[in-house]
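The transmembrane segment annotation in TrEMBL covers A:65-86, A:98-123, A:130-154, A:166-187, A:207-227, A:247-269.
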Amino acid sequence: MSSDARLVRALVGCYPPVWRRRYGEEYAQLLCDMQVHRRPRLVADSLLGAARAHGGALMSGRPSFALPVWAAALFAAAGIGFAKLAEDLSGVATTAHAAVIVAAAVALLALAVAAAPAAAALVPGRAADAWRYVAVPIVGAAAWCGVARVAAAATAGRTVHSGPNIAAFALIAVTGLGVLAATAWAATRILQRVPLAGPGRLRGSAVTAMATGMAGATFAVLVWGLRVRATDAAAFHSDQGLLATPFVSSWLAVLIALCAASVLGAVAARHHRTAP
Amino acid sequence: MGEELGRWAEPGLLVLTSLAEGAKHGYAITMDVAEQAGVTLGPGTLYAALQRLEQRGLIEGLPAEGRRRPYRLTAAGAAELSAQAERMRRLATLSLDRLQVRPT
């Protein structure tokens, strides 16, 4: 195979499978006709088109729960980061801290309401093959607990900022993120297999409430960080937990993750509100 | 010229305009648009537009000729293009009229 043909094949391969089945052959011919191997701008345009097609696949057809689920997974990861960040700063900015918890509860409760009809459809066994995905979070959580116990045992007696302790923390964090991602993936697979039940207006309202809760939690975390700084400037320099010590970096990382989750949630809400 | 056309160089509108002349496959559309409007439609941009127009029922794919598939305007596509062109014509007329009476 020539390098030109390989480039064309690679560019077509960047598109989603459904898109390739419909347009792949004619698109490959167009790339050949346009002599794309001689025109880097067209290669970039094709890659952008592939990215848009992936985005379109996520947003097309019936309103998908993939976006709310991934938004919730990102939100949960940021929420755990916030909990670790705030655990050493108890008694500071308590109102903003409570607001974070309330907004997060609203967001996750709304997601549960949005997904409830799908869960109800799962129980009577109308999508028997979807049950195997339920094992993913259970096995993942058990594996994560095992990793955390081993890491804790291996670092017993070490100081907070010692090398082994940092490595153990990183292992626990990465494993936890992996379990969250696997759970989100399993949830989307389940939701693809069960019928999208329940009134569309309720679903749209629930996803909107979820996005609103996420945005509220993001704002509350912003206020919380500012209040912590105003109330106890030493919190930025003290030798506390692994996340709390580089406070500003950790706080910004949590805020960015919450913002990203809120944006994903808002996009999902818009899609669910406008979908038929 | 493509940049000068601004929002009127929207790929979907250019594709509809090209297909108003008759059915064309992807490469023929890019050549026609480049020649008539001075806009180079990249392959990703073109097929994003084709997919969107097809999903909205404004164009339809014809049986493939080898590896090339021609597309043609549907009745809905012709109506949409006509409405857009009429809107553009009204706006162009209004703009020119107001520019003529503008105090110097």
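Backbone N, Cα and C atoms are what each Cβ position is placed from, and that goes for glycine too.
Taking Cβ pairs closer than 8 Å, the transmembrane segment (A:65-86) reaches residues 58-59, 97, 100, 104, 107-108, 111, 114-115, 118, 176-177, 180-181, 183-184, 187-188, 191, 196, 207, 210-211, 214, 217, 221, 224, 241-244, 247, 250-251, 253-254, 257-258, 260-262, 264-265, 267-268, 271-272 in its own chain, all 6 or more past its ends.
When the stretches A:98-123, A:166-187, A:207-227, A:247-269 are ranked by Cβ pairs under 8 Å to the transmembrane segment (A:130-154), first place goes to A:166-187.
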